[in-house]
Number of protein chains: 6
Amino acid sequence: MQEVNQNLSLTHLNDQGDAQMVDVSGKSQTLREAIAACQVRMTLATFTAIAAGNAPKGDVLGTAKIAGIMAAKQTSNLIPLCHPLPLGKIEVNLIPDAELPGYQIRATVVTKAETGVEMEALTAVSVAALTLYDMAKALEKSMQIENIRLLSKTGGKSGDYSVKELK
Amino acid sequence: MQEVNQNLSLTHLNDQGDAQMVDVSGKSQTLREAIAACQVRMTLATFTAIAAGNAPKGDVLGTAKIAGIMAAKQTSNLIPLCHPLPLGKIEVNLIPDAELPGYQIRATVVTKAETGVEMEALTAVSVAALTLYDMAKALEKSMQIENIRLLSKTGGKSGDYSVKELK
Amino acid sequence: MQEVNQNLSLTHLNDQGDAQMVDVSGKSQTLREAIAACQVRMTLATFTAIAAGNAPKGDVLGTAKIAGIMAAKQTSNLIPLCHPLPLGKIEVNLIPDAELPGYQIRATVVTKAETGVEMEALTAVSVAALTLYDMAKALEKSMQIENIRLLSKTGGKSGDYSVKELK
Amino acid sequence: MQEVNQNLSLTHLNDQGDAQMVDVSGKSQTLREAIAACQVRMTLATFTAIAAGNAPKGDVLGTAKIAGIMAAKQTSNLIPLCHPLPLGKIEVNLIPDAELPGYQIRATVVTKAETGVEMEALTAVSVAALTLYDMAKALEKSMQIENIRLLSKTGGKSGDYSVKELK
Amino acid sequence: MQEVNQNLSLTHLNDQGDAQMVDVSGKSQTLREAIAACQVRMTLATFTAIAAGNAPKGDVLGTAKIAGIMAAKQTSNLIPLCHPLPLGKIEVNLIPDAELPGYQIRATVVTKAETGVEMEALTAVSVAALTLYDMAKALEKSMQIENIRLLSKTGGKSGDYSVKELK
Amino acid sequence: MQEVNQNLSLTHLNDQGDAQMVDVSGKSQTLREAIAACQVRMTLATFTAIAAGNAPKGDVLGTAKIAGIMAAKQTSNLIPLCHPLPLGKIEVNLIPDAELPGYQIRATVVTKAETGVEMEALTAVSVAALTLYDMAKALEKSMQIENIRLLSKTGGKSGDYSVKELK
């Protein structure tokens, strides 16, 4: 599950150790996809309340989903060294998990660009989770957003990456 | 550590179940503080590389910190039902944790306003962590952002909240 | 229904005719509310499709509503001479109107500030309507957004304003 | 004047009825243009005042025009499921119409991209109209923004679209 | 003309040398004003062209002015450690200076807040100047933006500040 | 050092003198680079304080650098008639200059696009300089940002441009 680049140079740091944006202008545009995930853990009472209150109109989950999609489009404004990219597809899903209890959140982002969209997918799940927290925080402040992680990336010359998860 | 509001109504949903922004215009301005935290877990190799590469100029941590501060100011643009608020103070710290291995991230936000700044503090630690991920992802894609949570909030009529953590 | 200021000076223009932002720094903060409205007219086929497709999860209307709320918070970034204001409440509703056929959109914005929130309410209904158009434009490009107007404003020394509408 | 897609599926809704962004990453880039329009209706007194006050420097119309151009560039940040696109040209014009009385507003947007720019053109006329309202609202609050509509779109595989208008 | 604080601590750096936002939440709101200035130097040919081309509609100067006003509202999003503030007034003027040749730009910003608006005024003149450069750069790329500086600030406990300029 | 276009038409003004965005949709994408520069002049006392206070963590310069990079990505949102562009590389450097005394700031921006990135490079140095001012203004308000200028541009059919500077 762990992938470590043995060439231990931080590509965002130049020779003097200063932060810098990696130059991607010479790379060719290829189709790239990234999938990220996280989960929001809460008490059973909160989980039940969201399920019940949400039933008629689905607004908690719908709002969190829209927030995640819109946040993916803000990624390069939030993460200082991210490149602004055209985005072909952003999909965010929140899946109830009664065992957690809480919600599993998944985001898939696709682009045809010179660099990947890992940060866009990670930003989408993070903001969807923060929005879920915001909408339920009057019920419970002890909710936790857990395990924001990259599930897979494809496309690009650095090779594909994929986490093996049971679920 | 868990606080559950027994009056299980979602204040962001109105009677019809639609999403809505809570009306705070009639509340008085009081001094409010919120502290949030999370951690970024990585391999020892990545942790060592950041420590070494970061030594001369501190740019990985410095960049993540600035990103967290700037993101706190974007909270109401990211979280759909958050109120735009003046912010009196935003502080973000990244503390190396060799046992994790990785980084502990803390954010403190202070305002004098009609409503609290929990979401600003949670957004700050989230984006600081995403930025750390971005700057080290060429080394390791399996890093995880863990346990984004509210440590405490003070001020406001709903009462103070505080998590008891050993650390 | 029409209110015309007989003192025909454009307060956004200074003596030389240049655009300027009105100085509100000397005004006192009072509670202010503005309500705006518009409608989106479509064919019966489109109206029926939205009603049907929307039934299970309510996403067309839910998405338009969230877009309207978030746009109200962007008003001072979109309208050059608008003042950035704290906003205490933003409410957006989309009401199906089978006779139109289409949707009636209403937005209410409340603030405690030195100047009013008419533009925030008007921006909210406009962007909610544009979002509805976006989500249904694959069905029909001839939809029209009609009669974006201020229904009422209260608070502030310029006096209250209210449109008398039958509906 | 009306175009209705007989295949009544809302492409922004997936099989479960959730809101989603349409995947355009597999489409090829083609030159696309969209033209939108609306009008701002006002009293003759307001129309005359804008004409007179505006004469020396043209700021009301100039400001509204700039606001419309800048808003077109914010479209994907305002409309949740719009794709961020490069924009090759944005043109906004405000034409006085003494018969209305008021202003006719037209926007043309051109891109070379995987999807069209209808929403960018519609957003441009909407925000130009809102800005005109803002700059003249001290004179008259009963102004109305009318008939925001798509006049034409060209380029893209879904075919061209054009409204037949007398004017 | 120079004011040097003999207590040579950088208030944006905490004890560990990290960047931080100064806490202003305990300060009281007072009326504050800041005036900033700069100039854009160009060849006589460019100056003459702007004067001539600008005559009928004033768009070069009008566009630069609007850009400066809108940029002032973005200050806290651009300058990492600036506080988001309500702004009561923003005024930007571009004055032709045939001797330079070029334009003198002045911005005045007023707020009632816990901290000053020097950065808002400086940002306004900077972006107005950049916009002027953008609109004339097809004529001359060697234009220079010179002497962005604070002319005065009033209000706040750190005392007033004023530059003595001959002009 | 001065380049003047003898064809004295302002390409941002159309035949009627209105501001307009130049249509670049028919141009082909080529690799383009722009380099801009400016300097921040301060007293020796301020220069010494920044050098000393900055030594342990480099935050003043690091923060200004990040602000410059992030601002380059906001260029088309700040400058009304700039085209939104993908950016392949943004590099910002602040070099201490004891003779000034103060800092020399340089920014290099690279894109593969239909139009150039002069404004992005100029915006980057401007905001980096404004950030430096902000972080040191408690020490000295009389700092000046000087000579914001384009050093070179390459790529594009209008030809290369380069300033001959001694330094």
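Residue numbers in this text run from 1 along the chain shown.
Heads up, the Cβ atoms here are built off N, Cα and C, so glycines get one too.
Keep in mind that TrEMBL annotations are predicted by a computer and have not been checked by a curator.
Around D:Asp134 (active site), there are no C-beta neighbours below 8 angstroms that are at least 6 residues distant in the chain. The DSSP secondary structure for D:Asp134 (active site) is helix. Taken from TrEMBL, the feature active site applies to D:Asp134.
Its Cβ placed at the centre, D:Glu120 (substrate binding site) has 26 other Cβ atoms within 10 Å. Classification of D:Glu120 (substrate binding site) by DSSP places it within a helix. Feature annotation from TrEMBL assigns substrate binding site to D:Leu81, D:Cys82, D:His83, D:Met119, D:Glu120.
The feature domain 'Molybdopterin cofactor biosynthesis C (MoaC)' is assigned by TrEMBL to D:21-156.
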If you run through the domain 'Molybdopterin cofactor biosynthesis C (MoaC)' (D:21-156) with DSSP, how many residues end up as helix, strand and coil?
48 helix, 45 strand, 43 coil
If I take every residue in the domain 'Molybdopterin cofactor biosynthesis C (MoaC)' (D:21-156) and average their pLDDT values, what number comes out?
92
Chain C contacts among the binding-site residues D:Cys82, D:His83, D:Glu120 (Cβ under 8 Å)
D:Cys82
Looking at the binding-site residues D:Leu81, D:His83, D:Met119, which ones have a CB within reach of chain A, meaning under 8 Å Cβ to CB?
D:Leu81, D:His83
Does D:His83 (substrate binding site) have same-chain partners at least 6 apart in sequence with Cβ under 8 Å from its own Cβ, and which are they?
D:Met21, D:Val24, D:Ser76, D:Ala113, D:Glu114, D:Thr115
May I ask which residues of the same chain, at least 6 positions away in sequence, place their Cβ under 8 angstroms from the Cβ of D:Cys82 (substrate binding site)?
D:Thr75, D:Ser76, D:Met119
Quick one, of the binding-site residues D:Leu81, D:Met119, which Cβ has the fewest other Cβ within 10 Å?
D:Leu81
Chain F contacts from binding-site residues D:Cys82, D:His83, D:Met119, C-beta within less than 8 angstroms, listed by sequence, come out as none
